[in-house]
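Enquirer: So TrEMBL has the following annotated:
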REGION    1-23  region 'Disordered'
DOMAIN    94-151  domain 'CTLH'
REPEAT    267-308  repeat 'WD'
REPEAT    312-353  repeat 'WD'
REPEAT    524-556  repeat 'WD'
Amino acid sequence: MGGFEDDEPPSKRARASSVESASLPDCFSFSKSANPLGSTMARPLPSQGKEVMVGSKGVIKKEEFVRIITKTLYSLGYEKSGAVLEEESGITLHNPMVNLFREQVIDGKWDNAVVTLNKIGLLDENIVKSAAFLILEQKFFELLRNDNVMGAMKTLRSEITPLGVNRKRVHELSSCMISCSPQQLFLGFSKLGIDSSTSRSKLLEELEKVLPPNVMVPERRLENLVEQALTVQRDACYFHNSIDGLSLYIDHHCGKDQIPSRALQVLRAHRDEVWFIQFSNNGKYLASASNDKSAMIWEVDEDGELLLKHTLNGHEKSVMMVAWSPDDCQLLTCGVEETIRRWDVESGKCLHVYEKPGIGFISCAWFPDGKQILSGLTDQHFCIWDLDGKEVDCWKGQRSTKTPDFVVGKDGKLIISMNGEKTILLFDRETKQERLIEEDHTITSFSLSEDGDCLLVNLVNEVIHLWNIRNGPIRVNRYSGHKRTRFVIRSCFGGSEQAFIASGSEDSQVYIWHRATGDLIETLAGHSGTVNCVSWNPANPHMLASASDDHTIRIWGAKKAGLKRKDVGSSSCSSNGIHANGNTHGNGFIHQCNGNSTK
C-alpha cells in the first residue's frame, strides 16, 4: 500500500486528527402562390364536430401538427414542398391577411404593416400594441440608418410613445438621441445593449414570439419539440454516457456497459507510487506525477491507446501534482515543498522554474487566460506569477491545514482554497466577497466541475460531498462506500455531461457513483495498492484513468467484445520502452531540467 510515516508530504497524508439568431432563408416567399388555398380566418377553422387527432395516443391535433411541419419546410428552404403540403392537406400555414402582414414587414412598409396588424383580429389589445412597438422601432432604426433623424424623431414621439409600451426602452431611445450626435447614435444604442442592426427577418421572429402561435407559428417550433423529447429521453437514461449523439430513429437507452469498467491498459513506466494524474482539457494527453521525482506526459492515439510522449525529470523531491495550461500546450509540475516547473508539451523542454528562496511550493494552477499562474507556498502565502517568473501579486492565506488544494474559477476571478481543516474559502478577487463552505469533518481534497458551478469535497470520514457554489454554497449530494484511513484520496467529475463521480480508495479499487442520485454503480478492481487519484477524459466519456501506490496507471474503458488488456512498460523501466540505462526501445523521451530557466 506504500505506507507513509508522519513526516511524509501533505499531498499523500491527511491526518485524522488535524485533518440561432437564425434568419429566414433569402428564398422564403410570402406570395399568395405559396398558400393556394388560403383561408380568410385569422385563427384555425373551427372543427366540424370532434377535432381530428393523430398519433397512437390521440393527443396531437392534426391541424397544429401539419402547420408546424409546413413551417419547418419553409424555414429549411423547401418552399415547393411546403406549398404542396398546404395544398394537399387543405391546411394553410397562414391566412391571406397574415401573409400580407409578413410581406409588408419584409418590404419595410411599416405604416401598412401596423394597419394590417389591426385587421388580423387579435383580441388582446396589449399584444397588438407590443407587436406595433416592434414594427415602429424597426422603422425608427431604419430611418436613422438612412440619416433621416427628423423622421426618426417624429416616429418616436408621435407613433412609438403614444403606444404606452416599454416606457423604459422609449426613455433610453429618447435620451440617446438627445445626448448623442448623429454619427454617435448607433454607438450610443450599442452601449445601452440595444441592437439597432436587427434585420427584417429577425423582426419577424420577434413578432412570432409576441403574436399567438395560432396566428404565426413560432420559428423552429418542430426543432424545439424534438429537442425537448430527446432531452427527456437523455435525462431518463440512468447510465447515459454515449459518445454519439442521440438518434431520432430509435428511443434512447444506454446500458451499464457504457460506463468505463474494463482495464484496457496498464501503464508501468513510473518506478514508485503514482500520486496524481490529470487528462488535458482536450483529452489528447494524460499527465502523471510520482514519488519517483518524475512527471510523465502520455499521448492518446487515434485508437484510444496511451503512449508515453515525455518523461520530465529535474525535481529533487517527489512530484505531487500537475496542471495543464488552458490551451494544453504547457504543463506545470510541482514538487513537494520544492519548485514549480513549466514544460513545453510538444518538445518536453523545461521552459521556466519558479522558486522563492527559503520557501517551498505545495500547489499550482493556471489562470484561464494562460498568461499567469497561481502558486501555494509552505508559509501559507499565495503568489501570482507571469510566465517569465515575475511575481505579480502575493498575499497571506488563512490555511491552517496541510491540504494544499486550490482552484482558479473559469472567470479568473474566483479563487477556491482551504481556510482551515474543515473550511473552504470562495474568494472573489474583483469584489473581495468571501463565502465559506463549512464541513463537520476534516477536508482532504476537492475539485471543481467543468462548468465551475459545483465543488466535489473529499472528507476524512470516507464521505464525498457535492456542493453547488453558484447558488450558495449549498450541499446537494453525498457519496460513500470507498475507503480512506491514512492517505489523501482524490475524486473527479466525469462522463457525458459529467453525470458521474469517480474516486480512488485505499482498498485498491476505483468507485463510480451516479452524480444525481448518489447511487454507487460500479467498483473497479485491479490495482494492488491504494488508488490515490482518478481522472476522467473530458473528450471521451468512455475513458477513465486511475493512479496507484502499485506504481501503475490503469486506463479503463467501456466493455467491448474482443478487447484485450495491454501492459505498457514495466516496473524496471523509467519510461515506456526506455530502460533505466536510457536505451530506447520504443516511443518516449527523457527530459532533464537542471533548475535553470531556459528560453
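Here the Cβ of each residue, glycine as well, is placed from N, Cα and C on the backbone.
TrEMBL annotations: computationally assigned, not manually curated.
So that I understand the layout, could you describe where these features sit and how close they are to other parts?
Expert: Across the domain 'CTLH' (94-151), the model assigns an average pLDDT of 93.
In the repeat 'WD' (312-353), the DSSP tally of helix, strand and coil residues is 0 helix, 23 strand, 19 coil.
DSSP states for the repeat 'WD' (524-556), grouped as helix (H, G, I), strand (E, B) and coil, give 0 helix, 16 strand, 17 coil.
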Enquirer: Let me spell it out: take the repeat 'WD' (524-556), skip the flanking residues so only those 6+ beyond its ends count, and list any with a Cβ under 8 Å from a Cβ in it.
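Expert: Answer is 1-2, 12, 241-243, 258, 260-268, 270-279, 281-284, 286, 288, 290, 298, 300, 304, 306, 450, 487-496, 498, 500, 502-506, 508-512, 571.
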Enquirer: May I have the DSSP-based helix, strand and coil counts for the residues of the domain 'CTLH' (94-151)?
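Expert: The composition, in the requested order, is 44 helix, 0 strand, 14 coil.
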